[in-house]
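Have a look at the structure below, then the notes.
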Amino acid sequence: MNRTSIKLDEPLILVGCGNMGYALLRGWIDTSTVDPAAVHVVEPVRVLRERAVALGVNTHETCETLPRKAGIIVFALKPQAVQNELPSYQRFSDGTVFVSIAAGVPAGKLKLLLESPRIVRAMPNTPTSIGKGSTIIFTGSAVEDGELENVLSLFKAGGAVHQVTREDLIDAATAISGSGPAYIFYLIECLGDAARELGLPAEVASKLAKETVHGAAALAFASNDHPAELRRQVTSPNGTTAAAMSVLATESALSALILRATKAAFQRSLELGGAEELGLTSSGQGTK
């Protein structure tokens, strides 16, 4: 995990302290990336606000009580909330970098709502909560290098960070890394169910499923071999794994299903972001 502290000349504001917002906040504090006294959290739900209080940061029920200036504002909001919430932060437009983790909401829409070109889009995922996350970052030219470094440090507190130079790539990555943990959790669930169906006790079945996925992922990271080669190494001719793979690979059924699922996630992210309604693509340009 990142252990580099960043010094902010102005406060850091986090808008939203739900699951993803809290995961980010916890990472910042646990890794000493930022001083808790410099962080202000806006969260209308009391029980969620109390979680932030326990980390020693400043909390606010609404944006009305926030400091007059901010260096970075991170919006940890659902796409559906962006339209109503962001205009309230237009008063921070001078010198503030705005970071949004709302899936599918294009930079063009964010610029309109905030009346500022200083926009960063980021897509972290839930493993960020344990320092094993993966975040995709896209930023425009209006954000200066030093400001971007601070933004990158915030997300490195939760794991790996990857920058893309085209905004449409962050929407594509959302369907992989943003939604991806749910696919893996479903795989673990299915493996556990299958283990129980084969007669294994429930507790053993669950542990075997988790350990198998965890171990395979760790091996994939540790090895220089392509995942296809690692798969072949497990698959002895006419063996048990080959029997299973013949079912999974029937007419490329699994790969086709995964492709369909990720395309559905990609399309839904655009719908939630309202890019089509505004006539904007993810590059912020008109579709016509």
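Even glycines carry a Cβ here, placed using N, Cα and C.
Annotated features in TrEMBL:
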- 14-104: domain 'Pyrroline-5-carboxylate reductase catalytic N-terminal' (DOMAIN)
- A76, L77, K78, P79: NADP(+) binding site (BINDING)
- 167-272: domain 'Pyrroline-5-carboxylate reductase dimerisation' (DOMAIN)
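Counting every protein chain shown, 25 other Cβ atoms lie within 10 Å of the Cβ of A76 (NADP(+) binding site).
The DSSP breakdown of the domain 'Pyrroline-5-carboxylate reductase catalytic N-terminal' (14-104), given as helix, strand and coil counts, is 40 helix, 17 strand, 34 coil.
Apart from A76, L77, K78, P79, the residues listed for NADP(+), the same chain places the Cβ atoms of G16, F75, Q80, A81, V82, S100, I101, A102, A103 within 8 Å of the centroid of those Cβ atoms. When the domain 'Pyrroline-5-carboxylate reductase dimerisation' (167-272) is classified with DSSP, helix, strand and coil residues number 91 helix, 0 strand, 15 coil. For the domain 'Pyrroline-5-carboxylate reductase dimerisation' (167-272), the predicted model reports an average pLDDT of 94. Every protein chain considered, the tally of other Cβ atoms within 10 Å of the Cβ of P79 (NADP(+) binding site) stands at 20. Around K78 (NADP(+) binding site), taking its Cβ as the centre, 15 other Cβ atoms fall within 10 Å, counting all chains.
Take the CB of L77 (NADP(+) binding site) and look out to 10 A: across all protein chains shown you find 20 other CB atoms.
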